């Protein structure tokens with residue numbers, strides 16, 4: 001179809017290198033949440049993973065190694081590495097470091113000291129983990145990293161590991177600490193500069209350091225943990241039993257800033273604008289004069305990918321929109337409007353509702369729904385891509401959490417936790433080379449990048465939508481009639497929250513069609529109709545979430561409108577479950 005609209009401005013000047021980055025070492029982060037991704041890219045299939053019982057509980061439960069993330073050449077000037085030993089919050093460490101305008105990368109825990117030396121990070125962070133350092137088979141790091149002269153910060157399991165490696169002792173303790181604790185800082189220089197004598201921190205451990213080597217000095221303590229923080233007297237090695245990366249440690253961000261800026265010497269000048277310039281230049285070099293296909297959905301991830309590609313190669317970009325019948329109300333129209341307003345290139349629309357619904361007929365098991373949706377999408381995308389001449393590259397909205405969760409590993413084997421729709425989703429026989437310009441970014445960074453690229457705020461700040469679309473919000477078997485009910489109810493939820501001025505104040509809001517019916521009275525007649533649940537949450541990172549405390553008046557308007565305007569609904573419930581123990585999506 002012909003495309004109209006404005007052309008995004010091209011970047012001026014040479015790409016600027018990133019100036020600061022930090023690494024986190026990773027044993028294997030099994031995250032309990034799927035980062036929401038575009039429904040028109042590729043399906044997510046969660047794989048079964050055995051749980052481990054561990055002593056340090058602020059962790060995931062995976063006993064496998066995590067990926068060593070492929071090095072990105074334009075992010076190598078200054079960085080911090082995070083070695084992940086299984087913490088579910090390894091990504092949170094990286095995000096907190098990046099908030100200091102310092103680039104941070106997560107790598108597997110067993111990366112060699114030689115490889116670290118080649119990467120030349122400004123600092124290293126050893127994450128928490130579910131194991132006990134004194135148990136056989138517990139994940140270790142290459143102890144040679146302590147001899148590199150690079151500053152090291154160990155958190156929880158990472159502190160215990162560093163302490164043990166350098167002559168200390170770690171034991172299980174009967175006085176376990178879980179939750180908030182008051183910490184007394186006895187040494188408020190270097191990493192604890194600016195802290196009060198006593199501050200709240202977040203603890204989650206059953207093991208702790210029982211003895212430190214002579215070369216170490218205690219920096220902090222709690223009522224039950226004499227070595228809540230330590231430092232080496234001769235080497236730039238620090239450890240803390242508490243978790244500075246979580247919001248329950250109110251001044252944890254300051255602690256991490258002290259480490260990466262003051263101790264590691266990063267200058268805090270990494271900017272997304274630099275990232276965009278470098279990414280555009282990288283795309284131009286990779287693509288040359290060939291054509292690129294991009295799956296477009298109207299979500300922020302695919303839109304930012306398209307914006308980067310368009311600024312880099314202009315009319316060499318072709319986009320495909322697969323309408324699978326599982327989209328939100330007026331989704332296709334919204335995509336077309338946004339596309340025509342911001343890109344001047346061709347868009348291919350595949351009308352595939354009948355095909356998807358036929359494949360889903362009679363299926364009520366969530367994982368089987370995902371599998372069938374993924375298979376149907378691949379076939380539709382493959383058929384349409386074959387119609388585009390000279391297409392050589394496929395662009396995907398892969399994000400950094402997708403890469404970590406899927407075990408995408410350049411330097412060694414890694415177990416796959418989730419078969420992510422954005423990581424190797426299309427079959428190899430398509431013959432495309434992949435372009436993944438966002439694979440180093442978190443969701444919040446993608447949003448900021450979208451604003452840098454000139455995308456409208458209403459697009460950049462749209463709430464995330466799950467990969468399988470409304471299929472995971474329509475519990476039980478999916479039918480066309482059920483989707484009509486759900487789509488209308490969902491639109492009312494979003495519209496009322498927008499009218500109340502609370503859309504940007506909430507992280508995700510939607511309706512769920514429950515697989516039950518309930519008795520009601522409408523007029524003078526008995527009804528036996530559908531029940532709808534309303535889900536609205538607030539979160540900074542989608543790893544944990546609280547239910548949104550919406551005003552009663554707003555909830556009443558939502559309920560009244562759904563019951564009055566959506567045929568076949570006589571009951572509306574509000575989901576007040578937090579994550580954990582519940583997940584954000586119902587399936």
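From the backbone N, Cα and C atoms, a Cβ is placed for every residue, glycine too.
The annotation domain 'Glutamine amidotransferase type-1' is assigned in Swiss-Prot to 79-269. If you look up Swiss-Prot, you'll see 156 marked as active site, nucleophile, on the strength of sequence analysis. Taken from Swiss-Prot, the feature active site applies to 243, 245. Sequence annotations record features per position, and here Swiss-Prot assigns domain 'GMPS ATP-PPase' to 270-462. For 297, 298, 299, 300, 301, 302, 303, the entry in Swiss-Prot reads ATP binding site, with the evidence type sequence analysis.
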(message) Cβ neighbours within 10 Å, counted over all protein chains: which one of the recorded positions 156, 300 has the most?
(response) 156
(message) Distance check, please: Cα of residue 300 (ATP binding site) against Cα of residue 245 (active site), rounded to an integer number of angstrom.
(response) 26
(message) Whole-number answer please: how many Å between the C-alpha atoms of residue 297 (ATP binding site) and residue 245 (active site)?
(response) 33
(message) Tell me the coarse DSSP state (helix, strand, coil) of residue 301 (ATP binding site).
(response) helix
(request) To the nearest whole angstrom, state the Cα distance for the pair residue 299 (ATP binding site) and residue 245 (active site). (result) 28
(request) Measure from the Cα of residue 245 (active site) to the Cα of every one of the binding-site residues 298, 301, 302, 303, then give the nearest. (result) 301
(request) Write out the long-range same-chain contacts of residue 298 (ATP binding site), meaning residues 6 or more apart in sequence whose Cβ is under 8 Å from its Cβ. (result) 331, 334, 335, 338, 459, 462
(request) Quick one: average pLDDT across the domain 'Glutamine amidotransferase type-1' (79-269), no decimals. (result) 91
(message) Can you tell me how many other Cβ atoms are located within 10 Å of the Cβ belonging to residue 301 (ATP binding site)?
(response) 27
(request) Return the single residue from the recorded positions list (243, 297) that has the minimum number of other CB atoms within 10 Å. (result) 243
(request) Write down the Cα-Cα distance for residue 243 (active site) and residue 301 (ATP binding site), rounded and given in Å. (result) 30
(request) Please list residues from the chain of residue 303 (ATP binding site) whose Cβ is under 8 angstroms from its Cβ, counting only those at least six apart in sequence. (result) 296, 297, 338, 450, 455, 459, 460
(message) Quick check: in three-state DSSP terms, what is residue 245 (active site)?
(response) coil
